[in-house]
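*Asks:* Take a look at what Swiss-Prot says about it:
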{"type": "BINDING", "residues": "His67, His107, Glu141", "note": "Zn(2+) 1 binding site"}
{"type": "BINDING", "residues": "Glu141, Asp173, His207, Glu252", "note": "Zn(2+) 2 binding site"}
{"type": "BINDING", "residues": "His176, Asp220, His222", "note": "Zn(2+) 3 binding site"}
Amino acid sequence: MNRIGCHLSTSKGLHKTIEQCLEINADTFQFFPRNPRGSKSRLIPKKEIDKFLELRKIHNINKIVCHGAYTMNLCSDREDLRKLAVKLINEDMKKIQDMRINHYVLHPGSHKNQGIEEGLKLIVEGINKVDVSNGQMICIETMSGKGSELGCDIDQIAYIINNASIPLYVCIDTCHLFSSGIRLDNFDDYLDEFDKKIGIDKIKVIHCNDSMMPFGANKDRHEKFGKGLIGEQDLFNVIFNERLKDRPIILETPNDLDGYKIEIEEIRRNFNELRQN
C-alpha cells in the first residue's frame with residue numbers, strides 16, 4: 001500500500017524522526033523546516049543531516065514531506081510579507097535539498113480582501129521566483145476556504161499550476177476537501193474533474209484527516225481518524241483509491257505518538273482486509 005506516516009517534530013534532532021517512525025510503524029513522515037507560526041529556522045549541523053540520511057536509508061523511510069510555515073502568504077496585501085514568503089520558501093528549498101527530500105507542501109495564501117483574481121496572480125508571481133532547479137516538488141495544498149483563503153477549489157489550483165513558470169504539484173487534504181464542500185463518498189467524481197482540469201499525476205501527497213466541523217463549513221479543524229464527521233469509510237475512499245496509489249499518506253490528526261501508531265495500524269489492517277476480499 002501507500003507509504004503512511006504522520007507529522008513529527010524535529011525539536012530533538014532530525015535523525016530522531018526516524019526513530020519515531022520505527023516506534024509507530026510508519027515508513028514516511030512530515031515535518032516543519034522552521035517555526036510554523038513564525039519565520040525562524042534552526043541551523044541543522046551537517047553531522048545531524050548525515051545521521052538522518054544514514055538512518056532513513058537503513059530503515060527505508062522515504063517520500064518524506066516538508067511542510068512550509070503557515071505564516072507565509074504569497075498573496076498578502078503587504079509587499080514586504082510577499083517578499084518574505086518567497087525568501088523563506090527558497091531557504092526551505094536549499095534545506096530540503098541538503099536532506100534529499102523532494103516533497104514540499106505549501107498553503108497558497110489568503111488574498112486579504114484584494115479579491116480572488118488578484119490573489120491568484122500574486123501567488124503565481126511569487127511562485128515564479130522560487131528555485132526548484134534541483135528537483136524539489138512544491139505541492140499546493142487544497143484548502144478549506146476560511147476567510148479569504150485561496151486554493152479551496154479545483155479551478156483556483158488549476159489557475160496557479162497552469163500559469164506558473166515552474167512545475168507545481170498538489171497535496172490533497174481530506175478535512176479541507178470536506179470542509180470546502182467536496183463529497184468524499186463520491187470522491188471519484190472529484191478525481192474525474194481534477195484529472196480533466198489539472199491531471200491526477202499532479203497529486204503527490206495525501207493529508208488524511210477527519211473533520212470536527214460539518215460538511216461545507218469552510219473551517220479547518222482536524223479530528224482523529226474515523227472519529228469526526230467524515231468517518232472512516234469516506235476516508236478509505238480517498239486513501240485506498242487505486243488512482244492515488246504510491247502517494248505518501250500523512251496523518252495530521254490531534255494525536256500523540258501512541259495515537260498515531262493506533263491509527264496507522266488501523267489503516268494498514270483495513271487495507272490488508274480489502275486486498276484479501
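Using N, Cα and C of the backbone, Cβ positions are placed for all residues, glycine too.
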*Asks:* If I take the alpha carbons of Glu252 (Zn(2+) 2 binding site) and His67 (Zn(2+) 1 binding site), what is the distance between them in whole Å?
*Replies:* 11
*Asks:* For Asp220 (Zn(2+) 3 binding site), just give me the three-state DSSP call.
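*Replies:* SS state of Asp220 (Zn(2+) 3 binding site) = coil.
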*Asks:* Measuring Cα to Cα, tell me the gap between His207 (Zn(2+) 2 binding site) and Glu141 (Zn(2+) 1 binding site) in whole angstrom.
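*Replies:* A Cα-Cα distance of 9 Å.
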*Asks:* From the centroid of the CB atoms of His176, Asp220, His222, the recorded Zn(2+) 3 site, which same-chain residues not already listed sit within 8 A by their CB, in sequence order?
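*Replies:* Apart from His176, Asp220, His222, the close residues are Ser144, Asp173, Cys175, Ser179, Asn209, Ser211, Lys219, Arg221, Glu252.
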*Asks:* I need the neighbours of the Zn(2+) 2 site defined by Glu141, Asp173, His207, Glu252. Which other residues of that chain put their C-beta within 8 angstroms of the C-beta centroid, in sequence order?
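*Replies:* So the additional residues around the site are Val105, Thr142, Cys171, Ile172, Thr174, Cys175, His176, Val205, Ile206, Asn209, Ile250.
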*Asks:* Could you name the residues, excluding His67, His107, Glu141, of the same chain that surround the Zn(2+) 1 site, i.e. Cβ within 8 Å of the Cβ centre of those residues, in sequence order?
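*Replies:* Those within range, site residues removed, are Gly68, Tyr70, Val105, Leu106, Cys139, Cys171.
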*Asks:* Pull out the binding-site residues from the set His67, His107, Glu141 whose C-alpha sits within 10 Å of the C-alpha of His176 (Zn(2+) 3 binding site).
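*Replies:* Qualifying among His67, His107, Glu141: Glu141.
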*Asks:* Using His67 (Zn(2+) 1 binding site) as the reference point, find which of the binding-site residues Asp173, Asp220, His222 has the shortest Cα-to-Cα distance to it.
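*Replies:* Of the binding-site residues Asp173, Asp220, His222, Asp173 has its Cα closest to that of His67 (Zn(2+) 1 binding site).
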